[in-house]
Amino acid sequence: MARSRDRDFLFCDFCGTMLTLSSVKFAKCPLCNFKRSTKDIAGREIKYRVTAQDVRRELGMSTFEEGELKLATISRKCEKCGNDEFEYTRKQMRSADEGQTTFLTCTKCRDTITEN
Ligand SMILES: [Zn+2]
Ligand SMILES: [Zn+2]
């Protein structure tokens, strides 16, 4: 994944090395001595501050699978095979605002119906 442009201000324009704070006024590249004003950095940090939700989303995408919970079987007539039992599963989508999706899977032919 390409590094977000939002965070480039923390890195050297020339060699990409992470800048170190060498004084109150400047952050400096340890390799090529490129300097950036700390005023500039402070301003951008405020502008690009990430929310807790952004962090959760980022973590969720890289380290966790979507939560899946098998709840029960319910009585429902399958249009494909005539079976009358479905597995009832709820799946939490990655972002909270998408909510949960309900999956009904026929225990016989595995035909799946989704409901939001
Ligand atoms: Zn550099
Ligand atoms: Zn079926």
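Don't overthink the numbers, they just go from 1 along the chain as shown.
Yeah, the Cβs are placed from backbone N, Cα and C, and that goes for glycine too.
Curation plays no part in TrEMBL annotations; they are all automatic predictions.
Annotation comment: TrEMBL describes C12, C15, C29, C32 as Zn(2+) 1 binding site. What TrEMBL records for C78, C81, C106, C109 is Zn(2+) 2 binding site. Annotated domain 'TFIIS-type' per TrEMBL: 74-114, in sequence order. The annotation zinc finger is assigned in TrEMBL to 12-32.
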Counting across all protein chains, other CB atoms within 10 angstroms of the CB of C32 (Zn(2+) 1 binding site) number 12
Per DSSP (helix/strand/coil reduction), C12 (Zn(2+) 1 binding site) sits in coil
Candidates C15, C29, C32, C78, C81, C109 (binding-site residues) with CB under 6 Å from ligand 2, in sequence order, are C78, C81, C109
Restricting the binding-site residues C12, C15, C29, C32, C81, C109 to those with Cβ under 6 angstroms from ligand 1 leaves C12, C15, C29, C32
C81 (Zn(2+) 2 binding site) and C15 (Zn(2+) 1 binding site), compared by Cα position, are separated in whole Å by 63
Within the same chain, the residues at least 6 apart in sequence whose Cβ is under 8 angstroms from that of C78 (Zn(2+) 2 binding site) are D84, F86, C106, K108, C109, D111
In all the protein chains shown, the tally of other Cβ atoms within 10 Å of the Cβ of C12 (Zn(2+) 1 binding site) is 20
